[in-house]
Each structure stands twice: as C-alpha cells, then as structure tokens.
Protein chains: 4
Amino acid sequence: MPLTDAQRTDIETQRAASATTRRATVPALEERLFEAVPLLDHGFLRVIDYMGDDSAIVQAARVSYGRGTRKVSEDAGLIRYLMRHRHSTPFEMCEIKFHVKLPIFVARQWIRHRMASVNEYSARYSILDREFYLPAPEQLAAQSASNRQGRAETLPPATAGRVMDMLRGDAMQCFTHYETMLNTDEDGIGLARELARMNLTLNTYTQWYWKIDLHNLMHFIALRIDPHAQYEIRVYAEAMLDILRAWVPAAAAAFEDYRVGAFTLSSGMLDALRRMLDGDAVTAENSGLSRREFTEMMAALGRTA
Amino acid sequence: MPLTDAQRTDIETQRAASATTRRATVPALEERLFEAVPLLDHGFLRVIDYMGDDSAIVQAARVSYGRGTRKVSEDAGLIRYLMRHRHSTPFEMCEIKFHVKLPIFVARQWIRHRMASVNEYSARYSILDREFYLPAPEQLAAQSASNRQGRAETLPPATAGRVMDMLRGDAMQCFTHYETMLNTDEDGIGLARELARMNLTLNTYTQWYWKIDLHNLMHFIALRIDPHAQYEIRVYAEAMLDILRAWVPAAAAAFEDYRVGAFTLSSGMLDALRRMLDGDAVTAENSGLSRREFTEMMAALGRTA
Amino acid sequence: MPLTDAQRTDIETQRAASATTRRATVPALEERLFEAVPLLDHGFLRVIDYMGDDSAIVQAARVSYGRGTRKVSEDAGLIRYLMRHRHSTPFEMCEIKFHVKLPIFVARQWIRHRMASVNEYSARYSILDREFYLPAPEQLAAQSASNRQGRAETLPPATAGRVMDMLRGDAMQCFTHYETMLNTDEDGIGLARELARMNLTLNTYTQWYWKIDLHNLMHFIALRIDPHAQYEIRVYAEAMLDILRAWVPAAAAAFEDYRVGAFTLSSGMLDALRRMLDGDAVTAENSGLSRREFTEMMAALGRTA
Amino acid sequence: MPLTDAQRTDIETQRAASATTRRATVPALEERLFEAVPLLDHGFLRVIDYMGDDSAIVQAARVSYGRGTRKVSEDAGLIRYLMRHRHSTPFEMCEIKFHVKLPIFVARQWIRHRMASVNEYSARYSILDREFYLPAPEQLAAQSASNRQGRAETLPPATAGRVMDMLRGDAMQCFTHYETMLNTDEDGIGLARELARMNLTLNTYTQWYWKIDLHNLMHFIALRIDPHAQYEIRVYAEAMLDILRAWVPAAAAAFEDYRVGAFTLSSGMLDALRRMLDGDAVTAENSGLSRREFTEMMAALGRTA
C-alpha cells in the first residue's frame, strides 16, 4: 500500500476542491487528477497538473486567435500529419506534471532524460521512509546470454528465495543502521543526514515532482516502453501511455501508430525489401545486411528469418 | 489597432467559455486570459494558458501530497528563500503560454532564449499581413557615443521626419513587391512564398506561440527589462512582469527584490566597499577597480563617483 | 566571392600556424580547417574547431581509460549498433564549431534548432555589409500547388527577370537608406544602429559562430537535407554532411544508412506490407492507410502506387 | 589508489601519443591531459579532451575571421566585460570533457545539472568494482541544527568508529551478496545484472564521461564550490576550478572575481547599505530586512551584525 492515511486525506481534500477556469480542460484527465496509480510494490504515479489538450496542439500549429470551429476529425488529421513529418514543436505546447514514487535505481535511469523539470525529495534535508523495492518472484530472472543488458528465464523458486532473502535482509539492515546513525537520543550518533543516506541500498524508494512537455514525454515513453527497457521502468512508461490516452486521445493514437508500433527501415533494409517484393529469395547471406539486422527486419515484417 | 474584428470575435468566444477544474487556478490571471495587451504600434502579448501558482512552487519544493495548510506568509518566506539561494527548480514547476505579435528584428533577439517552446506563423505556408513597426517620433534616437549598442538623445523633428519617410516608404514598397511576386492572377508571377518573403523588411510583424516555465521567464524578463536592452523588446518584458504580478504575486515580489532591483558586487567591489564602510576615502584611482566598474558600483549605491 | 582580402589573409595566417597536441586529431578535417566552403552567392561555411573522432564515440560508450586496441571494423560495428538503437549520448561526445555566413531568412529557420551555441554578428554594435542573397535564375520557382510550403517549376525567364529586378532594387534601396540613416557626417542623421537595421530586407547576409555536438548536428542535417527543406538551407546541410564524412567516417556512414536513407513504417504500413509480402493485392483503397500515406510508402519501396 | 596497473598503462600510452593540429591549443592543459587527479578515497577527475581557449571566447564575441592581433590584456578586458554583463554565449564556445569516478550519491546530485552530456558505466551491461566511499574520520560530522541540510562539528572518535564499522560492514556485505547473486558457477544464481545492482549501497563508486561547455561548467562550479554544498561534491568542483585556471586563465580570473567571490545585494539590502554609507546606525531591527538577510549581508561586508 503506497500511501499513508494522512497522504490519502491530503489527496482527497485536493480532489474535492474545484474552480472555474477559461483554460483548455480535459474532463477525462480531471477525473484522474491527483489519484495515485500504484506501481511495483510501493511506487506510484499521479498527475498533479496539466496544460493543454489535442486542440492546443492544433491551435499552436496554426498560430490561431481562438480554438477554431474545425471538426475533431480535421484536428486528428493534422495531428497525424505533424507526427508523421516529425513537426515536434506543436506537441511541446502541452505540459504535464507528475508526482512519482520510485526505487532509486529506476530514478537513476529516468533522470537521464534531461528535457524535464525535477524536484526530488531531499535526503540531505529529510529522512527517507523504510521502503524498498523487492521484486515479485516472477520478476527474478537470470541474466540473458544473448542480450548483455537483459533478462532471460525466471529463476527457480528455491533460487529466487535465496535472492529475496539477501535483498530483503541487506535493505533492512542498511536502513536500520541508517536510523541508528541519525538517532539523536542521549546515546545516539546524530550523524548528518547528507552522510547517513550513503548507507542505503539502491532499491530504497525516493519520490519527485516531474514536469515535462508532451513531445518529450512521448520520447520518454517510446524509449522506456520498449521490450528492451528494464521492466521496473517500463511499468511507469505503460502507466503514462494510459494517461496519455485520456489526456490527448488524438495525439496518443498518432503516437502509437507512428512511434510505438513503427519500425524504421535502414537504406540497406529498403534495398533488401524491394528485392523481396520483386520476388527474389532474399536470405541473411545475400541480403547485404548483417545477420542481426536481417533478423530484426524479418521479425518486424512477421517473417521467419 | 492590432486586431481584426474576426480575431476579436475569436478571442471573445474563447473568453466566454469556461469549465470546472481541479487544477490550481489563479482568478487574477483568469481575468486577463486571452486578452491582447497592445504593444508598439501593431504588436501585442496575450496569455493563452498557464499551469501552477505560488503554492505550486512551494508544493514542489516540499514534494508534498496536497496543497498544505500553511499560511500564505510562510509560503512567501519559502519562496524568498528559494529565490535568494538560487534554488531554481521549484520555479520551473509553473508554466505559461503566450501569443505574441512582434516585429521580426525583435523576434530575432527574443529567439536567442532557447529554454522555451515556439511555434511561429510560417511565411513559407501563409502570407504575412501588411504591417510593419514604425517607431513613435520620440523613439527615434541618435546612436550613443558611450554605449556602442545603445541610443542617445531623440532626433530633431525634421531629421526624424526624414527617417520616418524612409522607413515607411521602403517597408511599403517592399511589401507591395512581395504581393506582386505572390500574385497568381492571369499575368501574376506566382513566386513560391518561401522565396517572396525574403523581400520583406525586418520591421515586418510576425507572431508566435511562446511557452516557457517561470524560472526561464524570470531570466528572460531580468535580461530584457534592463535599461540597456533595446526599447522595442523592453516593452514586452515590462508587460510580462505585469502579468507575473497577477499570476504569482509572491514569486514576482521576490524576483523584483532579488533580481530586477539587485546589484552584484564583485570580489574587488566588496573590498572597496569594506574600506568605504571603515571610513576610507575610496576613489576610482585607489579603489583597485577599473573606472567603469567603480562608476557602476557608485551608481548602484546612489553615490556620485 | 564571399571573402575580402583581409579576411583571406586572416584565414591563411591561422591555417599556417600549428601546434602539438595529445588530443584526438583527424588529419582529413585538419586539412579543411578554417577554409570557407562557398555557398549561395555570398555565403559560406567553415570549420573553426572540433573535438573528438569516431574513436571518441566508442571510448565514451565503453567509458574506457584509453583509446583501446580494437580494430577499426569493431568500432564501426559498435557505432552502427548505437545508431540503430538510438543510443544517442555517445554521439554527443564529439563537438564541432562552424563560422557561417547566411541570409537572415535562412538564419531564422536555422536558429529554431535550440541545442546549439550561437554568437551572431551584432547589428546593434556593428554595421552590416551591403550583401544580399539574390537567387540564381534556376532557383526562382513557382509556388507548389500540392505542397503548401514548397516550390514547383522554374519561372519563365521574363518573369524571373521581373522578380530579380524587384529583389535587387528593393534590397539596394533599403541598404542605401540604412547607410543614410547611419551617416554621421555634418548633415547626416546618425540614427542608432539598433533602429536603422530594421530597414534591411530579409535576404541581407548575417554571420555567426555556431557550435553543436555530433548528435544534434546529425539531427539538424537529417531535417534540413530533406527534399522538403527549403533549397537555401539545404545547401548548408549538404556541405555539413560532406564535412561529417571527413571528420567521423564511421558515424557518417551509419547516419546515411539509418537516418538519411531510411524510411519509418507506421504500424498501419507494417500491416499493409505484411499483406503484400503474403501476396495480397494491396491498393490504396484496401490498405487501411490514407491515400497520402499509401503513396509515401509505395514511393519509399520503389513501387508505383 | 584509484587506478589499476592496466588503467595506468592505458593512460600512459595515450599521454605518450601526440599529433599536429591547427586548432587552438593550451600547453598548460595539454600537460595535464588524461592524468587522474585523485579525489576522496577512490575517486578521480581527469580531462579527456577540450576545445578552445581564452582567445576562442573573444573570437566568438567578435565573430572574427582569424585569431586577431590584439594584446592579451585587451582580450582579458573583453572577457571581464562579458562576465560582468552576463553575456554568456561566448563562454559556451569552449568545451571540455572529463572522465570522473565518484560515489553514486554524489553522482545523483551532479546529474541534476542538465546542460551537459553524460555516458555512465552501465551496471546493466557490466559488473561494478568492489569500491565504496568511506569518509575520512574528520569528515564524519553531526547534523547541523541551524542548517537543515548541513554538517556541524566532527563526531568524537568512538562515535566515528561506530559509524565507520556500519558503513564498511554494510557496503561489504551488500557487495558480497551482489557477487553471489551474479555468480554463474555450477551452484551460482546467475541473476540478471540489472536486478542484482539494486542491492548495492549508495556509496558504491560509479564513473562517467561528462562533457560540458565553459559557461555551464562555471555555473556548476559556482553552485558546488559554495560552502553550503556537500563536501563530497565540493572537492570535485575545487579540482575543476584548478583545471579552469590552467585552461582559460583570463576567464577563470573573471569568474573568481564576479561569481565565486561576489555577493548579490537585493533591492532591500541596497537601501540599507545606502543608509549605512550616509552614516545611519543600521541594525537588524531598523534595516527593513529579515534577520537572516541582514546577517548574510553583514557577513559579506565583513561587519559584525
């Protein structure tokens, strides 16, 4: 359960308040505002604020004076055109702000996306909670032999149990010592928080406010929803895509068609494909491609390599 | 008059619509939403959308779950602290979107601020209007001798008249030829728009949607509201500061105290000032500063150098 | 001829000097350093400095302590892998600095790429030269009917002559008045430079120093070398690609294969293509794609739609 | 000792090689190239590459064709002027690339500076070394009572000993379990690297290539060399400032005068200071400032509040 009662009350209080605005408003997203989507064992993602909607994309592309009277279908067509031709600036005109709770090792991947604003909970200033990510047994997988940065099959139960014991035991012991170092009781140590935090393990949870525009959000999702992304960040990307569908349905549909479900053919792949369409028997050997590239292309085309 | 009747109608239609939202809302800014603030002879600035308020800055700095129950004065104190110690990320959590109409030579200065999103009206795609900036007579000033990039005294009326004739005549002739080149009538030329536009003068008006976060907006205003900034961009910065006061009053007050009205003493100036406070007769010669630096410091301190 | 004798001398003096360095050095690029590649009628592009080479990309990807002893072919393979999987950060580890002379209307497109550093020649501080872009006759083309932001067939000679007369006449008259306004002779006007410049036409040449990393440079080239980009900026992108081939040959080859010559299939296009490979007679009507998307896909595949 | 013999050999091999270049070259920095400056117990900072020198700043500010024949003192004067008036773009024209080894909790602070390029050693792809930061005894300090994110007095030896035992013990145990989980021997676990790494403590060392322009580097140093910055990142900032002095001596001197040793007076402080210079007895109470601001100002002026 990722939230305390006090936190739930804060969220409910905020959800209960409302105001009148002249701004572009999306009822389907308002419905979800402030609510925490639970992720992993203690994490969450919740939308704190947003700016703009599908029409705002169109309005910026046209530099118009009002919201216009075009049909929804015309707007969707323009949005598809912008997405296909990588005219990205109109998508920057929408903005969203999340509150995210996530393990530190996930936060370290996440922060590599620089085109966003972040305020992280400070362990120099405050004390972290005793919460660490412990994978579900089905997530404890062996190192992949073919993909140097991926996972293979799930560990057998007994082996998984050994891993869980180590992960849980070490995280708890490190946290207990963290508390001991911070303790300011009579015979406590009272170590500076900025030092004590270094004893925590990388699966400790942190949290931050994260604000990003729609263009950069789609770039983040596209990279992190990929099957090669680590599972523990992919679940956040999937939750974001779900929010995207509620917030900007036309942009989300174009994004899924032109990015998430797309495949880029290199110049060499285009050559090979043209030959295939001409009826040639193209093989890995005579394709002019490396075996790996040939396999990737055939997989995308639903052929056996 | 910068707006056509159709544009006024679009704006009024948008102002008339409203919705209910759970988001942070600022009534004083809602009041101004979409309305055009007229600037220069044909330009304007209008707020199209915004995200966040003073409390959103505080909420992000604290990474909190709700809007909190602290007093407004406590929030203002934290905002002053963040501003004084250049903790800029909480200010990035507010965002604003403007529609701006401005002369091209001003747009060229403006765009140098990279930390913003822009969609400009495209002269490859559309035809520009016959509107150019012609300075008011009191703005026609001589080149400054002391400041290589500034203005000195206003030109005498007869000389100003000669300048106005040239500016107006050339802009009109260039625009007329632009139209002639674009003309697709029977004996028209029908030149591509992307080529014809090169015949326009730099005082022709363009327009764009411009979106920026509060931290970067304050940086823009601080640089462009400076007396050394060119008058024609300064009027936009002043209009933005006025909007800032309505939108985020606590942040605006801290900004005016710590940035707009502030002065940075170099290490050498600090030395000289300490001697002055000790009662030494510090002069340009014995100050250890260049004459220009000494003069700048004395001016900031309200002393005669 | 874009350079004065004094400028040529400055360039030759700089080319004649040399030093010893421990840094990664690329002889093929050293050969071209400082030399101006002439572009359009008065423009140019010249490399002022660079950092890194193909090996620097590999070294950063491996976070290695030295330059390694791998074969060139292994490095090229890793670079292809990074390019294919959009691992862009190692490409950010190379940097290049250009001095560019270009018409203002091209500069306005160019500057939209924000991930670069720019120092432009200041017309507030200095006086511009009497140089404007006048297109070669074969570049004077009619507005395209099918592409709202493109060109169609070349204008007939007589019509082109009318256009040239207007472009040349207006640019010259505007520049003459610019000089008149700036004139500080006895009966001159002495207008501030920051004001006088607004009378110039958009084909006036400006110049700047422009510094960018390799990743962002490839993004710039990919967008601006596209057949839909305006000719007047495309020539600069083509000159840059040529420099890229001398500077980082392995990265340039991967870039041309995976970006410049590539085509992205949307999810819908992948469906249609799978059916084609299965032997179905796929037409625009039964493809599930819009006519425009179907046509674009068939063109990329070298089929007639 | 932060380097292995193999790493030393790689560095020496690279230092032994040299080439001829036409680029701006700084002998004092060449002298240090590739050498590791040891920091903390296992960390280091070493310069891998650089672009530009003091003259390159001047050259960009002037958009010149050659390196010019001005005196060094004139260049230094222009650089001081640019620094004082916050004309930051010419400083962006110099670039430097570091290889840094640092504890993960320091890396997490560091990465918040977004205007840089980073390639970090990947613990998904490779196995980390058994190296963790253990503070020197004199760095083990109590939590500050006055500064919520700072340190106070050093811990007494016995208490420090308890802290050291916990830090060392936990880091070693976590690392041993990390190795156990990764072990692929017959009865090993073979857990995926991307999972095993979550068991490491935050004082484990990581490393990265980090590339940044001079303007943003100075911003980083100014923030992290501050007495309020955490000691463990401050030592890196101090090492960088030392490198800055060798690389761009004129820019470094201006930076130390106008940034590192400077103090910004708010509008309210300026008022109080003007009264002090007029001979008024200004106290915290009648200054119009908060007590904290008054104290900060008096400290900067070398007065007792």
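Every residue, even glycine, has its Cβ placed from backbone N, Cα and C.
Annotation comment: TrEMBL describes A:Arg224 as active site, involved in ionization of N3 of dUMP, leading to its activation. For A:Thr89, A:Arg112, A:His113, A:Arg114, A:Glu120, A:Asp213, A:Leu214, A:His215, A:His219, the entry in TrEMBL reads FAD binding site. Look at TrEMBL and you will find A:Gln109, A:Trp110, A:Ile111, A:Arg112, A:Glu120, A:Tyr121, A:Ser122, A:Ala123, A:Arg124, A:Arg197, A:Arg224 tagged as dUMP binding site. What TrEMBL lists as compositional bias 'Low complexity' is A:14-23. What TrEMBL lists as region 'Disordered' is A:1-23.
Known features from TrEMBL, placed on the structure.
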residue  : record                                                                       : Cβ neighbours (10 Å)
A:Thr89  : FAD binding site                                                             : 20
A:Gln109 : dUMP binding site                                                            : 19
A:Ile111 : dUMP binding site                                                            : 19
A:His113 : FAD binding site                                                             : 17
A:Glu120 : FAD binding site                                                             : 18
A:Ser122 : dUMP binding site                                                            : 19
A:Arg124 : dUMP binding site                                                            : 19
A:Leu214 : FAD binding site                                                             : 26
A:His219 : FAD binding site                                                             : 18
A:Arg224 : active site, involved in ionization of N3 of dUMP, leading to its activation : 22
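According to DSSP, A:Gln109 (dUMP binding site) sits within a helical segment.
The binding-site residues recorded for this entry are A:His113, A:Glu120, A:Leu214, and the Cα of A:His113 lies nearest to that of A:Arg224 (active site, involved in ionization of N3 of dUMP, leading to its activation). In the three-state DSSP scheme, A:Ser122 (dUMP binding site) falls into the coil class.
When the alpha carbons of A:Gln109 (dUMP binding site) and A:His219 (FAD binding site) are compared, the span between them is 14 angstrom. Cα distances from A:Ser122 (dUMP binding site) to the binding-site residues A:Thr89, A:His113, A:Leu214, A:His219 are smallest for A:His113.
Take A:Thr89, A:Arg112, A:His113, A:Arg114, A:Glu120, A:Asp213, A:Leu214, A:His215, A:His219, the residues named in the record as contacts for FAD: the widest Cα to Cα gap among them comes to 28 Å. Here the C-alpha separation of A:His219 (FAD binding site) and A:Ile111 (dUMP binding site) works out to 14 Å. Residues from the set of recorded positions A:His113, A:Arg124, A:His219, A:Arg224 situated with their C-beta under 8 Å of a chain D C-beta: A:Arg124. DSSP assignment over the region 'Disordered' (A:1-23) gives 12 helix, 3 strand, 8 coil.
Listed recorded positions A:Gln109, A:His113, A:Arg124, A:Leu214, A:His219, A:Arg224 compared with chain B at a CB cut-off under 8 A give none as close ones.
Between the C-alpha atoms of A:Thr89 (FAD binding site) and A:Ile111 (dUMP binding site), the distance comes to 22 Å.
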